[in-house]
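Below is one structure, written out as structure tokens; the observations come after it.
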Amino acid sequence: ATVSRGMLIAGRMLNGVCVGITSSQVPVYLAEIAKKNMRGSILVIQQLAIEVGILIMFFIGYGCSFIPGASASFRTAWGIQFVPCLVLIAGLPFLPRSPRWLAKVGRTEEAVRPLDGDDLSNTEVWRRTLAGFSVQAWQQLSGANVMTYYIVYVFLMAGLTGNANLTSGGIQYALFIVFTLVTYAFIDKTGRRPLLIYGAVGMALCHFVIGGMLLNYGQAVPGGVQGNANVLVQVSGSPAYTVIAFSYLLIIVYALTLAPIAWVYAAEVWSLETRAYGMSIAALGNWIFNFALGMFIPPAFRNIGGGAFIVFGCLCVLAAIQSFLLYPETAKKSLEEIEEMFKPGGPKPWRTKPGESHLDASVDEVVRRASMAQAGGKPQVLHKDGTIGMADSDSDRKEEV
């Protein structure tokens, strides 16, 4: 319906605000309704939905490019976005409330308790804020969006033009979805730290290879490849095949690691009281750097060409270092236990492992003692130290449970 540039900008801004709200609250909701041993797999749904949306809109945009008239082409592509919005609105009333939210409000109140200033005033919360914000920032600074947003430019550098370029870009989006689905097989077994660390290292290697090929074998193209002023260098032969192959490998590594894990980890690190507010901060980090990269990448291609990939490779190395030093393992731990790891005196991040749940250990011990008591014919008692066991004295028997 837009008839001016101002209307277009206003519409995009409103759309951006709405996307920011949903992208910050969906992981919160999924984290709170999921069991801890399935939380990673459930939270991958967020990233998978994003990728499916990107793939669908890529081919819708491609199809709409054949509609006569530039105005009708872009209006059709953008208008179709209204359909999933209606589906979302229709489905929201049927979603269950978060169990943790209901517990927090005693199942009677209808509003979440507002946060007070103390919620963001201690070291523990700031550590979680840094972890949640930075992991989302690294997802963007890893440079994967060079491929998802500017794959046409990259493949132009590799000599692909016309329909071959667009088809190759579509293959990349399909790979993105397929390998994100693969993460369901291991995300809750492997843990968050290994995927964050090794994923960043793997992406760094891909960036360095692509950048090296373009810098060492690229030929300057005055005026730009096919008149594209942002693509001023091109490779051919084996270097071109290498650029294409490692572009695909980069998106595969990203789909298996940082793409889903950044959303999973950012949703897990918050306390119950700060989760909704904190995830908003984390999502803010994601979209701030997403916007910044959209402004940075085209001029970077114009001015330093393949050097842009070297920059992203170095950023991936920094992401791996921070992940190793500052991000404790959260897999297979209750959200309440994760809180304990961020408190002063908590375990060093590099010493944490998936599972090792103290809550599970306590429950198992209670079950074991109950079984022993039943087999020995002795009653179970609640001792003064809070543990449950067999009655050993008359005083204990007075506290039978």
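The backbone N, Cα and C atoms fix where each Cβ goes, and this holds for glycine too.
Marked as domain 'Major facilitator superfamily (MFS) profile' by TrEMBL: 1-331. What TrEMBL lists as transmembrane segment is 48-70, 76-95, 146-164, 170-187, 196-220, 240-265, 277-298, 304-327. As annotated by TrEMBL, region 'Disordered' applies to 372-401.
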Residues outside the transmembrane segment (196-220) whose C-beta sits under 8 Å from one of its C-beta atoms, at least 6 past its ends, are 135, 138, 142-144, 154, 157, 232-236, 239, 242-243, 246-247, 249-250, 253-254, 256-258, 261-262, 265, 305-310, 312-314, 316-317, 319-320, 323-324, 327
Could you tell me whether the transmembrane segment (277-298) and the transmembrane segment (48-70) have 3+ CB pairs under 8 A, leaving out pairs under 6 positions apart?
no
Most Cβ pairs under 8 Å to the transmembrane segment (170-187), of 146-164, 240-265, 277-298, goes to 240-265
Tertiary contacts of the transmembrane segment (240-265), defined by C-beta under 8 angstroms and 6+ residue spacing from its ends, are 27, 39-40, 43-44, 46-48, 51, 131-132, 135-136, 138-139, 142-144, 147-148, 151, 154-155, 157-160, 168, 171-172, 175-180, 182-183, 187, 192, 195-196, 198-200, 202-203, 206-207, 209-210, 213-214, 286, 319, 327, 330
Spatial neighbours of the transmembrane segment (277-298) not adjacent in sequence (6+ beyond its ends, CB under 8 Å) are 16, 19-20, 23-25, 27-28, 115, 119, 125, 128-129, 132-137, 139-141, 143, 145-146, 149-150, 153, 230, 262, 266-267, 269-271, 308
Counting only residues at least 6 beyond its ends, the same-chain positions whose CB falls under 8 A of a CB in the transmembrane segment (146-164) are 54, 172-173, 176, 210, 214, 218, 225-226, 228, 230-231, 233-236, 240-241, 243-244, 247, 250-251, 254, 293-294, 297-298, 301, 305-306, 308-309, 312
